[in-house]
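Novice: Dropping the structure in here first, questions after.
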Amino acid sequence: MPTPKAFTLLGPTACGKTALALKIAETLPVEIISLDSALLYTGMDIGTAKPSASERAFVPHHLIDIITPVQTYSAARFVEDCTRLTGEITARGKCPLIVGGTMMYFRALTQGLNDLPEADACLRADLDEQKQMYGLDFLYRTLQKVDPETACRLKPNDSQRIGRALEVYYLTGRPMSAHLNGQPEHTLPFELYTAALIPEDRARLHENIALRFHLMLEQGFIGEVENLRRRYPGLTADSPAIRCVGYRQAWEHLDGATDRQTFIEKGIAATRQLAKRQLTWLRKTPLDCVADPFSDGTSGTRLIEAAKRFFGE
């Protein structure tokens, strides 16, 4: 049996990945595998710009609406699900198309997973108690002592990752940086073609981000977050689902921490920061094909032709 193939379309938020994926679907018999951690959650449709019902009816989508906002998902599970789906889609005679911008998942898929321990509920509760008693700064200073390399690359207010790094250290006796630096060689079980949309006009991307954020507000984004608060009492501002861009800022606004205008400004700024991080990842990622979505209108055609050649169509 021939080795399965998958075509990956990467890019920062608001650069037109979904629209291009649908154009590819008009040309090739694809099924889309979402590479977007925000699309995993049910009930989070507006703020994630989730593909519409008609778009999902036009072409099958996978790894969308598979967990609730109080459940968790990991890079390890993504690798497992993506590998399984690639085989299943290929067996159906279709072409797997991986689309998104969660670069941590893509890195796990292409470079392999580290042998890190599973989350430990008791230890996590202990760390949460320390944070409540002494503050997040105390945990960050502790991390600086036991794993300065990881502490250096994390922001002092990144509660989730600081807690995870300390958890790894306490469970294994080794800093997370040592685990990451000792990563073994990794081989993908399928052939992968990696294309990316990388806009050179940063101002145009920022304009798209602002326009999309305002459109989300018109579509009822605040109401969506209010519904999440009612439906899932266990959700907090630190929950992984609420850490998705826009949701954290909306949550703070509904808590009364910001007025509407400040919320909008912070939401747009957070989305711009996400795009900046995604572009930084992409510039470090080996790519088979790069196109500027805002150039001359031919970038989409070039990527569609690249996909057709890759799949032998």
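Each position is counted from 1, following the chain as shown.
Heads up, the Cβ atoms here are built off N, Cα and C, so glycines get one too.
A quick note: this is a predicted structure, and the numbers were derived from the prediction, not measured.
Feature list, courtesy of Swiss-Prot:
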- G11, P12, T13, A14, C15, G16, K17, T18: ATP binding site (BINDING)
- T13, A14, C15, G16, K17, T18: substrate binding site (BINDING)
- 36-39: region 'Interaction with substrate tRNA' (REGION)
- 160-164: region 'Interaction with substrate tRNA' (REGION)
- 243-248: region 'Interaction with substrate tRNA' (REGION)
- T102: site 'Interaction with substrate tRNA' (SITE)
- R124: site 'Interaction with substrate tRNA' (SITE)
Novice: For the region 'Interaction with substrate tRNA' (160-164), DSSP counts of helix, strand and coil?
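Specialist: Summed by class, the stretch gives 5 helix, 0 strand, 0 coil.
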Novice: In DSSP terms, helix, strand or coil for T18 (ATP binding site)?
Specialist: helix
Novice: If you count Cβ atoms within 10 Å of the Cβ of G16 (ATP binding site), leaving out that atom itself, what do you get?
Specialist: 17
Novice: Take the C-alpha atoms of G16 (ATP binding site) and T102 (site 'Interaction with substrate tRNA') and report the distance between them in angstrom, rounded.
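Specialist: About 15 Å separate the Cα atoms of these two residues.
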Novice: Let me know the most crowded of the recorded positions, choosing from K17, R124 and counting other Cβ atoms within 10 Å.
Specialist: K17
Novice: What does the structure give for the C-alpha distance between T102 (site 'Interaction with substrate tRNA') and C15 (ATP binding site)? Integer Å is fine.
Specialist: 14
Novice: For the recorded substrate site formed by T13, A14, C15, G16, K17, T18, which further same-chain residues have Cβ atoms within 8 Å of the site's Cβ center?
Specialist: G11, P12, A19, G101, L197, N208, P293
Novice: List every residue in the same chain as P12 (ATP binding site), at least 6 positions away in sequence, whose Cβ is under 8 Å from its Cβ.
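Specialist: Sequence-distant Cβ neighbours: G101, L197, I198, P199, L205, L274, A275, K276, Q278, L279, L282.
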Novice: Around the ATP site formed by G11, P12, T13, A14, C15, G16, K17, T18, list the extra residues of the same chain whose Cβ is within 8 Å of the site's Cβ centroid.
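Specialist: Those within range, site residues removed, are G101, L197, P293.
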Novice: Tell me the Cα distance separating R124 (site 'Interaction with substrate tRNA') from A14 (ATP binding site), rounded to the nearest angstrom.
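Specialist: Checking the Cα atoms of A14 (ATP binding site) and R124 (site 'Interaction with substrate tRNA') gives a distance of 35 Å.
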Novice: According to DSSP, which kind of secondary structure is R124 (site 'Interaction with substrate tRNA') found in, if we only use helix, strand and coil?
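Specialist: Helix, per DSSP.
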Novice: According to DSSP, folded down to helix, strand and coil, what is P12 (ATP binding site)?
Specialist: coil
Novice: Please report the distance from the Cα of R124 (site 'Interaction with substrate tRNA') to the Cα of T13 (ATP binding site), rounded to the nearest angstrom.
Specialist: 31
Novice: Quick one: give me the count of other CB atoms within 10 A of the CB of C15 (ATP binding site).
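Specialist: Looking across every protein chain shown, the total is 25.
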